[in-house]
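I have placed the structure first, in the form of structure tokens, so that the comments after it can refer back to it.
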Amino acid sequence: MNVSVVLFTCDLRLHDHPPLRAALDGARQVVPLFVRDRAVTAAGFDAPNRRAFLADCLRDLDAGLRERGGRLVVRSGDVVAEVCRVAAETDADEVHLAADVSAFAHRRERRLRRALEAEGRRLHVHDTVTWAVTPGTVTPSSSDHFAVFTPYFRHWSRQRLRDPLAPPRAVRVPDAVGSGRLPTREEVPERSPGLAAGGEREGRRRLAAWLRSGLAGYADGQDDLAGDATSRLSPHLHFGTLSPVELVHRARRAGGPGAEAFVRQLAWRDFHRQVLAARPEAASADYRTKHDRWRSEDTAHADVEAWRAGRTGYPVIDAAMRQLRHEGWMHNRARLLTASFLAKTLYVDWRVGARHFLDLLVDGDLANNQMNWQWVAGTGTDSRPNRVLNPVVQGRRYDPDGTYVRRWVPELRGVPGPAVHEPWKLGRERAVLDYPEPVVGLADGLARFREARARA
Ligand SMILES: Cc1cc2nc3c(=O)[nH]c(=O)nc-3n(C[C@H](O)[C@H](O)[C@H](O)COP(=O)(O)OP(=O)(O)OC[C@H]3O[C@@H](n4cnc5c(N)ncnc54)[C@H](O)[C@@H]3O)c2cc1C
């Protein structure tokens, strides 16, 4: 066997990459290929922040391959047509690809297999590239997936993970195969000004720093909004510049309560993947409890706009929504609060919020985003679907001094301490603040939610 193609998708790395290793073991030459798939654009999934981060990742992958004597081949168009074209140009026998869970990924895999086999070539799909434990390998006796996290996590924790693979020493790419131009982040308009840098090297640098000085404090600091004490590795996991298998191994090796809490969060990532793999329609349809009384974007237009703009009059919600716009990223606790506020306090269809998150999040990920939104909205896997998070109580608990709010809401910078969470109580001082009144009273929001749920 002479040539194999490796189709990179959301696995943009050289460390611990089973498809690349298999291709190098089986062929003299390998084509590392990335296709800018026009179907992703047509589906509105290549939001500016992810496009900019992706540009960093592709450039870094290309640089890593060049250090090993190779290069990245980039094409644009229909992914199946482009892979077949490259395979034909290089007379490749095999194509290697990482498995993925969405309906889109399943369709891509089926189409690719059919088209390649029609030309006498083989498609190899590799597990444990984009997750640690493969969806469907741990199941309850009565179903094809777990709908509750705790028992899933018990089974997940007992799985033996494969050892991480070293990056290749050399990659030989056929000379004749042409490539399109690599994109740059600078050419992406409307990206967030505070967007993090992408690429495997950057991911590994962040990971090393995290293991050295973040992980130990994670169990205690994970919910501290101002402390910003989470790993911020989510975009690297989304684009696969870091391997989930390697992360679990390295965290476990570090040990301690911080590592345990961190590995648990990585298991949440796999949990949502096994739900979406079994129920791909849950990306847009209510997963467990159906609700059809949501306020739509049209009926709740002003409220939705206030939420998106960070002008709801609830400081912790507004701080979080402004952080999202500025960085393309948000702390998990802030995601819980803003999602609960939209879906429960404003009683707006969770899909409206999930779409906005996907438009801005650099880690915007179908499984994690849609299934977390459903969890918060009470249509998903939360065992307490009727809980409503109070933004004042939560603000005081997770931003006790108000530092997070003052960081993102300049109108409130002059308000000291926790009083910043309730600007309507400020008396005369309130009148001079250019800050909105609450879009809804919390008691009114709660009453609307309870009434709608009682009638559902
Ligand atoms: C409404 C809502 C929407 C979300 N949308 C996304 C999304 O589009 N993409 C995304 O990656 N995460 C999403 N999350 C999950 C979580 O908020 C982020 O993964 C986390 O905030 C990323 O920051 P971090 O890397 O510092 O996380 P850390 O706390 O350092 O956790 C490490 C990793 O574990 C995984 N993880 C952590 N929490 C969760 C969780 N609740 N569910 C699944 N995986 C988790 C992530 O891959 C994360 O990078 C969402 C959560 C909510 C409530």
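Just so you know, glycine gets a Cβ as well, placed from its N, Cα and C.
What TrEMBL records for the FAD site is TYR218, THR230, SER231, ARG232, LEU233, SER234, ASP363, GLY364, ASP365, and among PHE262, PHE271 the residue it adds there is PHE262.
Most Cβ neighbours within 10 Å among the recorded positions PHE262, TRP294, TRP350, TRP373: this distinction goes to PHE262. Across the residues annotated as binding FAD (TYR218, THR230, SER231, ARG232, LEU233, SER234, PHE262, ASP363, GLY364, ASP365), the widest Cα-Cα separation comes to 23 Å. The average pLDDT computed for the domain 'Photolyase/cryptochrome alpha/beta' (2-131) is 97. Around LEU233 (FAD binding site), a 10 Å sphere centred on its CB holds 21 further CB atoms from the protein chains shown.
Taking Cα separation as the measure, TRP373 (site 'Electron transfer via tryptophanyl radical') is nearest to GLY364 of the recorded positions TYR218, LEU233, PHE262, TRP294, GLY364. Listed in sequence order, the residues of the same chain lying 6 or more apart from GLY364 (FAD binding site) and placing their CB within less than 8 Å of its CB are ALA47, ASN49, ARG50, HIS238, PHE357, LEU358. The distance from the Cα of TYR218 (FAD binding site) to the Cα of TRP350 (site 'Electron transfer via tryptophanyl radical') comes to 29 Å.
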